[in-house]
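Let me begin by presenting the structure, written as structure tokens, before commenting on it.
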Amino acid sequence: MKTDTSTFLAQQIVRLRRRDQIRRLMQRDKTPLAILFMAAVVGTLTGLVGVAFEKAVSWVQNMRIGALVQVADHAFLLWPLAFILSALLAMVGYFLVRKFAPEAGGSGIPEIEGALEELRPVRWWRVLPVKFIGGMGTLGAGMVLGREGPTVQIGGNLGRMVLDVFRMRSAEARHTLLATGAAAGLSAAFNAPLAGILFIIEEMRPQFRYNLISIKAVFTGVIMSSIVFRIFNGEAPIIEVGKLSDAPVNTLWLYLILGIIFGCVGPVFNSLVLRTQDMFQRFHGGEIKKWVLMGGAIGGLCGILGLIEPEAAGGGFNLIPIAAAGNFSVGLLLFIFIARVVTTLLCFSSGAPGGIFAPMLALGTLLGTAFGMAAAVLFPQYHLEAGTFAIAGMGALMAASVRAPLTGIVLVLEMTDNYQLILPMIITCLGATLLAQFLGGKPLYSTILARTLAKQDAEQAAKSQNAPAGENT
């Protein structure tokens with residue numbers, strides 16, 4: 001009898017200990033399942049919309065090119081039609097942005113950063129259709145823009161939409177789902193889940209509230225977005241450059257030199273972007289007609305440029321494998337680099353709905369390949385492969401300009417599937433980042449956000465000054 005009683009007591013003690021352990025575990029992990037569920041919904045929606053946006057842009061581009069092919073034998077029709085089609089498509093994007101959702105202009109990433117700090121509004125019912133349709137117009141016109149900016153902003157706005165639909169009122173949920181959508185958007189644009197996570201942690205580090213709940217939600221959203229992307233597009237890397245050879249240790253100093261070059265180029269590029277933005281602002285002065293006509297002219301010129309020098313137009317994804325393969329001479333690579341710098345400045349700084357990641361990756365590829373080809377001639381004993389410098393250059397310009405070296409490294413490695421180049425990439429991107437910081441360069445997105453907030457404050461101050469006068473009349 002005593003044995004049965006002691007056995008019963010022992011079993012009860014074990015059960016109580018298990019319950020206590022479970023209770024402690026539940027107290028330790030306070031992640032609300034509702035937020036994780038909504039993060040999965042946000043990631044799935046962002047993946048679906050991101051894939052739809054990519055397909056829609058490709059459809060518009062194919063329709064435009066197909067129309068040009070029909071009149072390819074008639075030069076007197078081909079050139080005007082190339083200008084008109086691209087101009088009309090671009091004007092659609094500029095008009096929608098200016099008329100209905102000014103915050104949908106440009107990349108959209110600074111807007112998400114501002115929204116994470118509760119400094120910028122998130123009007124998803126306006127931004128989602130304007131960014132999607134406007135991006136179809138500008139990117140479909142062949143302008144030098146990327147789709148990553150739109151998908152990041154679309155993802156963030158989808159996060160806020162889901163929050164409103166489920167009527168979540170907590171500030172933590174609002175912040176977390178916005179960041180989750182942005183990370184899922186980058187992942188959906190580049191098929192780069194780890195880069196999407198790092199982008200939020202690194203690039204948006206001043207705004208992102210890193211805690212157990214938010215990081216789990218970001219992971220969940222990125223996973224769902226990546227799964228959706230791969231269901232529709234497969235698992236192949238989006239930039240096919242083939243498997244490149246590893247960089248020997250005795251050649252790593254060349255990658256540091258390349259990083260120094262990009263450390264000088266990055267701040268200059270950022271300065272040119274801001275100066276070009278000011279130039280366009282002085283030109284149109286906020287008038288919608290001037291702004292739309294200006295956008296149409298830029299879009300039309302990109303359409304013409306696509307006939308003359310196709311490599312100088314478009315986002316750049318098609319150019320990267322060709323340039324990295326060494327199909328161009330050093331002189332031609334530098335010429336295309338300069339041409340694309342000009343077109344990137346015109347397209348992005350004018351406020352067109354579109355990103356700058358893809359154009360920067362193409363610019364980095366061009367300059368990196370040119371450096372690699374020149375180094376191969378100067379140092380034949382190393383048996384250098386120019387493609388490895390192209391890969392390093394892709395991330396270096398982004399690291400120097402955006403000041404997000406980890407994101408640049410991981411993004412390029414995921415996009416190209418050349419993980420063996422991680423060491424030369426670290427050397428190049430770190431050198432570019434440190435020198436850009438030493439030269440006083442400011443991160444591009446943070447600077448654009450600061451200018452946007454300054455403009456917002458000036459407009460609010462002007463309204464407050466005019467309010468008494470309006471009330472007295």
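Backbone N, Cα and C atoms are what each Cβ position is placed from, and that goes for glycine too.
Annotation source Swiss-Prot lists topological domain 'Cytoplasmic' at 1-32 (among others), citing sequence analysis.
The transmembrane segment feature in Swiss-Prot is assigned to 33-69 (among others); the stated evidence is sequence analysis.
Residues or ranges marked as transmembrane segment by Swiss-Prot: 77-100 (among others). Sequence-distant contacts of the transmembrane segment (77-100) (same chain, at least 6 residues past either end, Cβ-Cβ under 8 Å): 60, 64, 67-68, 71, 126, 130, 133-138, 140-143, 288, 291-304, 306-307, 350-353.
Assigned with DSSP, the residues of the motif 'Selectivity filter part_1' (106-110) fall into helix, strand and coil as follows: 2 helix, 0 strand, 3 coil. Look at Swiss-Prot and you will find 106-110 tagged as motif 'Selectivity filter part_1'.
Positions annotated as chloride binding site by Swiss-Prot: Ser107, Ile356, Phe357, Tyr445. Within 10 Å of the C-beta of Tyr445 (chloride binding site) there are 24 other C-beta atoms, taking all protein chains into account. Tyr445 (chloride binding site) falls within a helix when secondary structure is assigned with DSSP.
The feature intramembrane segment is assigned by Swiss-Prot to 109-116 (among others). Sequence-distant contacts of the intramembrane segment (109-116), counting only residues of its own chain at least 6 positions beyond either end whose CB sits under 8 Å from a CB of the stretch, comprise 103, 122, 149, 152-153, 156, 160, 175, 178-179, 182, 203-204, 206-208, 355, 445-446, 448-449, 452-453.
Taken from Swiss-Prot, the feature topological domain 'Cytoplasmic' applies to 117-123 (among others). Summed and averaged per residue, pLDDT over the topological domain 'Cytoplasmic' (117-123) gives 91.
Taken from Swiss-Prot, the feature transmembrane segment applies to 124-141 (among others).
Under the heading motif 'Selectivity filter part_2', Swiss-Prot lists 146-150. With helix defined as DSSP H, G or I and strand as E or B, the motif 'Selectivity filter part_2' (146-150) counts 3 helix, 1 strand, 1 coil.
Feature annotation from Swiss-Prot assigns transmembrane segment to 148-166 (among others); the stated evidence is sequence analysis.
If you look up Swiss-Prot, you'll see 167-176 (among others) marked as topological domain 'Cytoplasmic', on the strength of sequence analysis. Within the chain carrying the topological domain 'Cytoplasmic' (167-176), a Cβ under 8 angstroms from the stretch's Cβ atoms is held by residues 32, 34-35, 38-39, 116, 160, 209, 213-214, 217-218, all 6 or more beyond its ends.
Per Swiss-Prot, the feature intramembrane segment maps to 177-189 (among others).
If you look up Swiss-Prot, you'll see 193-201 (among others) marked as intramembrane segment. Here the intramembrane segment (193-201) has long-range neighbours at 179, 182-187, 208, 210, 215, 218-219, 222-223, 225-226, 404, 406-407, 410-411, 414, meaning same-chain residues at least 6 beyond its ends whose C-beta is under 8 angstroms from one of its own.
Sequence-distant contacts of the topological domain 'Cytoplasmic' (202-214) (same chain, at least 6 residues past either end, Cβ-Cβ under 8 Å): 29-32, 35, 109, 112-114, 116-117, 172, 175-176, 179, 182, 402-404, 406-407, 443, 445-446. Look at Swiss-Prot and you will find 202-214 (among others) tagged as topological domain 'Cytoplasmic'.
The Cβ of Glu203 (site 'Mediates proton transfer from the protein to the inner aqueous phase') lies under 8 Å from the Cβ of Ile109, Val402, Arg403, Ala404, Thr407, Pro443, Tyr445, each of these being in the same chain and 6 or more residues away along the sequence. The annotation site 'Mediates proton transfer from the protein to the inner aqueous phase' is assigned in Swiss-Prot to Glu203 on the grounds of sequence analysis.
For the transmembrane segment (215-232), same-chain residues at least 6 beyond its ends with a Cβ under 8 Å from one of its own Cβ atoms are 31, 35-36, 38-40, 42-44, 46-48, 50-51, 155, 159, 176-177, 179-181, 183-185, 187-188, 191, 193, 196-197, 200-201. The transmembrane segment feature in Swiss-Prot is assigned to 215-232 (among others); the stated evidence is sequence analysis.
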When the number of other CB atoms within 10 A of each residue's CB is tallied over all shown chains, which of the binding-site residues Ser107, Ile356, Phe357 has the maximum? Ile356
Using the centroid of the Cβ atoms of Ser107, Ile356, Phe357, Tyr445 as reference, list every other same-chain residue with Cβ within 8 Å of it (recorded chloride site), in sequence order. Gly106, Ile109, Gly146, Glu148, Gly149, Phe348, Gly355, Met360, Val402, Leu444
Summarise the topological domain 'Cytoplasmic' (439-473) by DSSP state, stating how many residues are helix, strand and coil. 29 helix, 0 strand, 6 coil
Tell me the residue counts in helix, strand and coil for the topological domain 'Cytoplasmic' (282-287), as DSSP assigns them. 3 helix, 0 strand, 3 coil
Maximum Cβ pairs under 8 Å to the transmembrane segment (253-281) - stretch from the list 33-69, 124-141, 288-309, 422-438: 422-438
Based on the record's binding annotation for chloride (Ser107, Ile356, Phe357, Tyr445), what whole-number value in Å is the widest Cα to Cα distance? 11
By a Cβ-Cβ criterion of under 8 Å, what residues six or more beyond either terminus of the topological domain 'Cytoplasmic' (439-473) are in contact with it? 106-107, 109-111, 113-114, 119-120, 203, 206, 263-264, 266-267, 270-271, 273-274, 277, 356, 400-404
